[in-house]
Every structure is written in structure tokens, then in C-alpha cells.
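Enquirer: Just passing along the structure, written as C-alpha cells.
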Amino acid sequence: MPLLSKCFPCFKFKREEVIDKLDYSNTPLTDFPEVWQHERTLEELYLSTTRLQALPPQLFYCQGLRVLHVNSNNLESIPQAIGSLRQLQHLDLNRNLIVNVPEEIKSCKHLTHLDLSCNSLQRLPDAITSLISLQELLLNETYLEFLPANFGRLVNLRILELRLNNLMTLPKSMVRLINLQRLDIGGNEFTELPEVVGELKSLRELWIDFNQIRRVSANIGKLRDLQHFEANGNLLDTLPSELSNWRNVEVLSICSNSLEAFPFSVGMLKSLVTFKCESNGLTELPDSISYLEQLEELVLSHNKLIRLPSTIGMLRSLRFLFADDNQLRQLPDELCSCQQLSVLSVANNQLSALPQNIGNLSKMKVLNVVNNYINALPVSMLNLVNLTSMWLSDNQSQPLVPLQYLDASTKTQLTCFMLPQVTFKMNSIQAQQQAQEQYEFVYANQQQPHASPSRRICFAEEATILSNAKAQPAPNYPSFVAAPPTPTPDQMAGSVRLMRSPTPYPKELRQMSKYVRQAQAATSSANASEVREARVVTNGQIHCDSNNANQDVVDQATTSAIYGIAPETTHIYGVYQQPQQMAHPVPTQEYYGLPLVNYEAHYQQLYVEANTPLPTTHLNGDQDYELQPLQQQPMQQQALPTPRLEPPPYHIARVYTKKTPEDLNLYESMRQRKQQQQLQEQTIYQDALNSNSNFKTTAIGAQDVEESVDQLDYQNNISNNLEPNPEEEDQELDDTMSQHSLNSTATNNTSKASHKKSTWIFGVHKNPTVKQVTLKWENSIGFDIAELLNQVGIFVSSITPNTNAARLLNLNDKLLEIDGYDLTNANLSDAKRVLLNCGTVMNIMLSRK
């Protein structure tokens, strides 16, 4: 044949190119490659991260395909033609949008590896259990709630990963998985380790981390071939003693649980190399830990250990020891026998000294003793020739610092400029409070240039300095009351203002902070007055308004926390002087002001007329502190400054600035439903007003119309909220009706000041909130009424749950009127008769505490 092709070139055949592997990974594809041209020879096809939307049917002509990777794409389904790939052994479909698996996949009899992780399966089809050749099955983050009952048919399975699902139990048929070597059920909803796990005797790796497991059954001791056990982030408080049968375990990690002690049998884990048990409640370690001859890494941080056992010196292979954030007071001298120790970290403890023979740890490279009570270092530290980092302070700039002899004559101790360590250590709550106070102080100073000249406390000697009068000896006023003197123009020109800015805001808050400061500067009052003189008077000499007393105490407590004021609250009184540009005269009556502490929060000043001056109080012997009369400014001239608005914390702002589209759609649907509900209620209420208007008297009808207008205005205002809160809406309505009632009362008192005081009609409600509600009922009214002992009127005695009455009424609400019928002087029988005669929609006016 070769001779014939040479003599006759027309008989020369072109040799077919053999291609058995194609790799298009990480290449965006607009069109699917024509891989079917190699359908006879193609065995491996890699299409990872290629933005595929679907698999074409021509792909399945390659019936010799053994490996198919289509992970990290946008596939929404698996074609039914997948069953034609009968030689397929490795199928990777993770990180797609697949919601179901076709039944035809059971035709892939030779499939050994199947990865469906990070898809929205929610349910595993029974066809998967027909793949009896399957050895590796990865179903991580697929929203599974259960496994098929016949899952045990996969007898050849070696690796099973079910991490990050919603599983609560495992099928009992898994006992047949005699070849299973790795089981990962972390991140599920298990509350107890399934009994079937203890029967998987070939298991080598068991991951049960981040569940809610409280107990591990004793049959777990049957896992004699176990090498890796991970149980972090559970609720374990004890471990079974049967774990001593794990003679081959090398890694044991049980961090972030509730363990207080280990069983003595933990020392029987002869092959243990890594032992992690941080973030528990351990108070001590068992002495049997000395039998862990192969242990190289021991992590004990974030526990409650008071001491380390002396037998720890028997750990000859120990290389890493972490015991930070405990309550250790000393380290045992036997620790210096761990010749292989290279990293020792015991920060945030109560150590006062290090072992004298610490120099025997010749392989030591890193030593961390930050935040302890160490005064000096032993002289044997000079023998640590391999030491590369020695951390003595959080503010240490270099890993190593030069050491000197503490006493040149004895030469037994070493020191440096960071020793002795500071003995004062704040707990987490104190540190958080101090950080908050520093932030508020710095932020207040930063905002001061933008604020307008509002009220400030200025003492007598400061006023003298400001007016360039003759200097007088400054009396010893309390330092926490005095405000810094206002600098003169000469002082302003000759000084440079230095200010430390806080940490920059996140990117989302910078523009918000800018607008807040501009709004403050624009809305601050330009005509505000200044306090020229102030005196300090104790609480016992001042009568505070009951409506403002609680808020004043809170503000004063906050001021005390920031500036270190004594616990006893003081009230400050000042003399307000009328600005010269005021066009209206100042009243001549004398007024004493209510307590003024935080002038930015309490910008509305209230005054009560004083009939007699307060007595003079003598403090500190010789010095007199007198309460001076205040002059009230006309209300129309007082600008109401906007309270200082600090930027919200980052974790709150992030919620409002980084919402996902799903969240925004959800909020929009909630808002639309709430608007529709409010419009329906408004329509029902308006119809009820129109139908019942003929039964009301003239006076009551006018009042109802006025109150209904207020209620409709209120409903129109709240309809624009994104996420209305029913409790907040009721509170605002109560405040609106209460304010309307108070205004009406004030008007009547002004016009009829000479009339005799009328009888209080609200019964037990000493500070009532009168409101009108529209109650619609179907099967029953939803509430009962009764008369209270020694009280006049009709009150709500009981409410039926899950009714409109339960949402609108409260117990002990006093009923003033029902559908125009006055109940203030009615008896119980008349009131019940009114309830029986009313329709399915009733208008109720009531008073509430």
C-alpha cells in the first residue's frame, strides 16, 4: 500500500487527527464549540466558567466521553440525553442553577464521581441511588431536607459531602455504606449525632461542625479507624469516654462548644497530632494529657484555665502552644522540658513572671506575652538564640527589643522599656464605653465650627474677661460645669486650632455625613442668646416639671459619663439676656427655668412663674451660689435648632446601603400591601361616619368631625412609610389625639377661667389619651364591658383574642361614646343595650392611660 501511494498520489489517504481532550475552561463562549466533530475520539471535555446557558443536544453524540466538567456556569437543567453518555465516569455540575436531575441519569452506570454542589435541588431524586458504581457524591449547599430512604444502595460510596443543607436526620439504610471513608454533614440542623454514624466502621474523616448537636452517642467509639474529627460550633458540654478507642485519630477539633472538662480517656489518643479546643469553658486539663506523645499543636485559647498541669512537660513533640485569653497566673516549670516548642502564645492572662528555665527552649522562635503583669524577664532568655519575635506590648513596633540587666550586680533578671507591663486592664464593657466616650468627644469638637452661636454656659468671671473689664479672682466653681471661654478675635488670629479627626467613615457614609453637617449649619439659630451667668443648685432645692424630669436625668447621666461628673445630678440655672436686634419688648416678670443640661437636646425652654425667690445656698463654706432670675424671650423670636445628628453605626448603615434586589422587592411588596390595607380601613371608616352622622348631637358631631379629620390626616401621612409599624402608628395617633385634647382644654380654660372646675370624667385615667376607633366585627363584638369598683363609667373588662377588638382595644379602656351615644353617665345595662343595637361597624370614643 505505501508503494502504491507513492506511484499514484491519488491513492494517498489523509490521516485523521486524534483528539481525546478539549479544555475551554475560563473562556467566555458566545457559541458552543463544535466538539461533536471529534465524537469518536473525545474522552475529556472541560467547560468550567464559560457562561453557558444550556447544553446542546449535539454534545451527547460523543458517546465515548468519560469526563465532563460544566461547573460554574448558568445551566438551569440537565438534558434528558445525559443518559446516552454511558461511558461517563466523572460529572461535575457544581455552581449552576439546576433545580432537578432527570431520571435518565441512572443510565450512566459507570459514573464514579458526581458533583452537584451549590445548586437549588431541594430534593434528591431516587435515580441517584441507582448509580451503584458511585464512589464520590458531593451535595454541598443544595437545600436538601432529607435523603431518599434507599440511599444505602450506594454501597461503593467512599466520600459523601452534605455540608450546608437543612438535614436533621440520616436514613438508617446508610448502615450499608461499609466503604464510606469521609462523611461531611457540617452546617446542617442536627441536634444529636445520628446513631447510624457510629455504624460506619470504615470512616476516617467525620465533619459535624456548625450544627446544634448537644450530645454524642457512646457508639461513636466503634469508629476505630477514625483519623480526623471536626465538631466546632456545636453545643457539646461533655464528650463520651469511648473516644479512647480512636487509636488512629490525628486531628481532634472541638472549638466553640460548652465543654468544661475533658474525660481522662483523652490521654489514650496515642496518635493525636493536633488538638484544638479553643472558645470553650475549660477550667483545667486532665493530667492524662501527658500520654499524648505525638502531640505537636495544642490550642487552648479563650477558655477559663487557671493553670496548666505539670505533666504538660511530658509532651516532647509539642511545637505550638496557644493559651491566650485565659486566667493563667503562672506557667509550670515543667513546660521548659518541651524541647521542640517553637511558638508559645500566652497573651491576655494574669502572668506575673515566666519560668526561670525558659532558656532551655532552644528552638523557641515566637514568644507572645502581651497584656500580662510581667515585671521582668529571667536571665535565661539570653539563651534563646533562635528567637525571632518577642511580643511584650500591643504597641510594639519591632518584633525584638534589646534587653538590659535589671540589676547589674545580680544579673538575674532582664528588662526593657516596655517592662513592667501595665497592670490596669479594662474589661470589654469598660473598653467599649471608653471608646464611645472618646468618639463622642472628638465628634463634638469636630462639629463645633459648623454650629451656630447657640446657648452656652458662661460664668461670671468669663463674662468679665469677655467684656474686657477689670480682672477679678476666679472663684472655685466646679470644673465640670464650666464651659471653655469664648476666644477673642485677637486670640483667634494668634492661635491655630488643632483637632484630631476620628476614623474615616465607610464610603457609603461620607456623603451622608457631609449633608448632615450642612443641614446643621443651615438650620442653626443665628439669633440665639448666650448664658452670661450660672449657678449650681442641688436637686433638693429645685422643683422639676414631672413631664421633663426623666429626660433631664438621662441627659445629665450621659454628661456625667463623658466628663467624669460625680453621681449626684446638678441643675444649672442661667440668666438669658435679650439680644439687641430683638424688635419685641421683653416681659418684665421674673421666671425660673427648668433644668438645662444638654442645650442641644432641650432646645425648647419652659418656665414657671416664681412667686418667691429661692433661698441662698452656701457651698464650700465661703462662696455663695444664688439662683438668678431668668428672662423669657418671645417664642416667635426663638429659633428651634435641629438636634445634632450623628452618623449611624457602620453595621446599621450597611443594612440600608447594601440591600439586595430580593430585599428591595420584598420591602416594596410589603409597602403596597400596607397601603391597600390602610385605604380599605379609611374607606370603611368614612362610610361608618356618614352612616352614623344622623344619630349624633350637634356638639358631638362637630367634635367627631374634627377628630376624624385629624385621624384621616394621620393615616394619609403614614401611608408614605416604607415599612409601617402598627405599634408606632398607634402611638403616633395617641400622641396626636392627646395633643388635640390638650389644646382644646387649654383653649377652654383660657376663655372660661372664672368657671368652676368641672368633674373629671375619665375615671382611673389620670392622664388619658382620648381616641376614636372604628371597630368592624363579624361573629362577635370581641370584648365585654363592666363597671369598676369605686369608679364611674363603663370600662372594657375582657377582650377575645384574634379579633379586631384585640388589636384596637386594651383592658380598662373607658368607653366615652358608642355611635354617638354618650356613655359617661350611662349605667351598665344601658351600655350593653347600645352594644346589642349597634351594627357590624361601630365608632367608639374611648380614653386610655
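Including glycine, each Cβ sits where the backbone N, Cα and C put it.
Note that the coordinates shown come from a computational prediction; the quantities given were computed from them, not determined experimentally.
These came from Swiss-Prot, pasted as-is:
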- 725-735: compositional bias 'Acidic residues' (COMPBIAS)
- 736-752: compositional bias 'Polar residues' (COMPBIAS)
- 770-849: domain 'PDZ' (DOMAIN)
- 716-752: region 'Disordered' (REGION)
- 64-85: repeat 'LRR 3' (REPEAT)
- 87-108: repeat 'LRR 4' (REPEAT)
- 110-131: repeat 'LRR 5' (REPEAT)
- 156-177: repeat 'LRR 7' (REPEAT)
- 179-200: repeat 'LRR 8' (REPEAT)
- 202-224: repeat 'LRR 9' (REPEAT)
- 225-246: repeat 'LRR 10' (REPEAT)
- 248-269: repeat 'LRR 11' (REPEAT)
- 271-292: repeat 'LRR 12' (REPEAT)
- 294-315: repeat 'LRR 13' (REPEAT)
- 317-338: repeat 'LRR 14' (REPEAT)
- 386-407: repeat 'LRR 17' (REPEAT)
Enquirer: Same-chain Cβ contacts of the repeat 'LRR 7' (156-177) under 8 Å, 6 or more residues past its ends?
Expert: 117, 132-150, 183-191, 194, 196-197, 199-200, 207
Enquirer: Please give the average pLDDT for the repeat 'LRR 8' (179-200) in this predicted model.
Expert: 96
Enquirer: Cβ under 8 Å to the repeat 'LRR 9' (202-224), counting only same-chain residues 6 or more beyond its ends: which ones?
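Expert: Cβ under 8 Å, 6 or more out: 163, 178-193, 195, 230-240, 242-248, 253.
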Enquirer: With a Cβ cut-off under 8 Å, give me the same-chain residues at least six positions beyond the ends of the repeat 'LRR 11' (248-269) that come close to it.
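Expert: Beyond its ends, the repeat 'LRR 11' (248-269) has Cβ neighbours at 209, 224-242, 275-292, 299.
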Enquirer: Which sequence-distant residues neighbour the repeat 'LRR 5' (110-131)? Criterion: at least 6 residues beyond either end, Cβ under 8 Å.
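Expert: Residues 71, 86-104, 137-145, 147-148, 150-151, 153-154, 161.
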Enquirer: How do the residues of the repeat 'LRR 17' (386-407) split into helix, strand and coil according to DSSP?
Expert: 0 helix, 5 strand, 17 coil
Enquirer: Residue counts in helix (H, G, I), strand (E, B) and coil for the repeat 'LRR 12' (271-292), per DSSP?
Expert: 5 helix, 3 strand, 14 coil
Enquirer: Residues sitting near the repeat 'LRR 17' (386-407): Cβ under 8 Å, six or more positions beyond its termini, same chain?
Expert: 342, 347, 362-371, 374, 376-377, 379, 413-419, 421
Enquirer: Using a Cβ-Cβ cut-off of under 8 Å, list the residues of the same chain that are 6+ residues beyond the ends of the repeat 'LRR 13' (294-315) and lie near it.
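Expert: 255, 270-288, 321-332, 334-338, 340, 345.
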